[in-house]
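Structure first, commentary second.
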Ligand SMILES: Nc1ncnc2c1ncn2[C@@H]1O[C@H](COP(=O)(O)OP(=O)(O)O)[C@@H](O)[C@H]1O
Ligand SMILES: N[C@@H](CCC(=O)OP(=O)(O)O)C(=O)O
């Protein structure tokens, strides 16, 4: 099987097996499957819910008023319990984990998005399993993603994932909420998420989870638009992670009809107004247009306007021809400092570096 990047989102319903306590035995089973995929060479990212449930359990299920501060307190206590459990379980398989607690602000701001992406990349490159949750202890309603289904779709985009698995306490999307409709039927494939599909999805009935099926459909929509296939399936089903990864029919599949690269390039072309222009020499023009190379600082001769890391900028030749657009990994000031330099000199010029390329070829669209 070709190497894949797979995001596995585990809802509170899966991690507690429907009880009020974290089901560690079931977590071992899920970790075994993730570790097996990791050993096969795939990149695995876990998006874990369950901090609030773990906090309640650890404090002995206290009677608390349902305030935001109390929920945040439970999450603060529970998150450390949760990451400890994940770390102990992955260690059984000789794998380390790295915790990333995110909020909407980390994903909306282009520069913070790139920083988070770099951290995720560094974890994966070092064969460390990223374990992601919302930073519930500090995130207020305004800066929250709000539910881990949507968070997992954003994490999948951050990771350039191929597949997002949303594992829950139902076998997939049904024609109605199976808890109240015993005749509801499993839908095996959803090609287009339209209003008809959306209206099938109800909310959650658990007090510890958030969103129900509605947020899973929102997540599926976001991820599919970015070229990521999504599967909603039961976390309790035997070998569920392994079977989905092997392409077996499990749960509800939402196939994406676009590749991640195509979707990214569409966004670069149709997305934000370019924030600046970078002039490049003939060698660089040749490298990016003929050889499909990334743009290195060496080929840059001038930088105009102020732009931030992660902004979309235009590329222009010395003769004034507009060549294309790309997402720049350095600010305009940094680029002006390293223009004409070899990539190996970036760190000595700036005192730090964000990698050898100014614009990666995957972030570049030529006209
Ligand atoms: N059409 C539907 N098909 C399947 N489940 C549904 C549907 N509508 C609502 N649900 C509910 O969504 C719940 C799963 O969401 P949630 O409780 O948030 O779980 P998780 O903790 O895994 O995110 C199910 O237990 C089910 O009752
Ligand atoms: N971030 C919260 C979970 C939020 C959430 O969306 O829960 P769920 O619906 O169970 O995936 C926690 O760790 O308790």
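Every residue, even glycine, has its Cβ placed from backbone N, Cα and C.
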Check TrEMBL for me: it has 136, 148 binding substrate, so pick out which one of 49, 80, 226 it puts in that same site. 49
Among 3, 4, 9, which residue does TrEMBL name as a further ATP binder in the site formed by 168, 169, 210, 211, 212, 213, 214, 215, 216? 9
May I ask for the distance between residue 215 (ATP binding site) and residue 136 (substrate binding site), taken between their Cα atoms and rounded to an integer number of Å? 17
Could you check the binding-site residues 136, 169 and say which one's CB has the fewest neighbouring CB atoms inside 10 Å? 169
Taking the center of the Cβ atoms of 49, 136, 148 at the recorded substrate site, which other residues in this chain have a Cβ no more than 8 Å from that point? 12, 48, 50, 51, 52, 75, 133, 134, 147, 151, 210
A correct count of other C-beta atoms within 10 Å of the C-beta of residue 148 (substrate binding site) gives 29
Composition by DSSP (helix, strand, coil) of residues within the domain 'PUA' (276-359): 27 helix, 23 strand, 34 coil
For residue 49 (substrate binding site) and residue 9 (ATP binding site), what Cα-Cα distance in Å is obtained after rounding to a whole number? 8
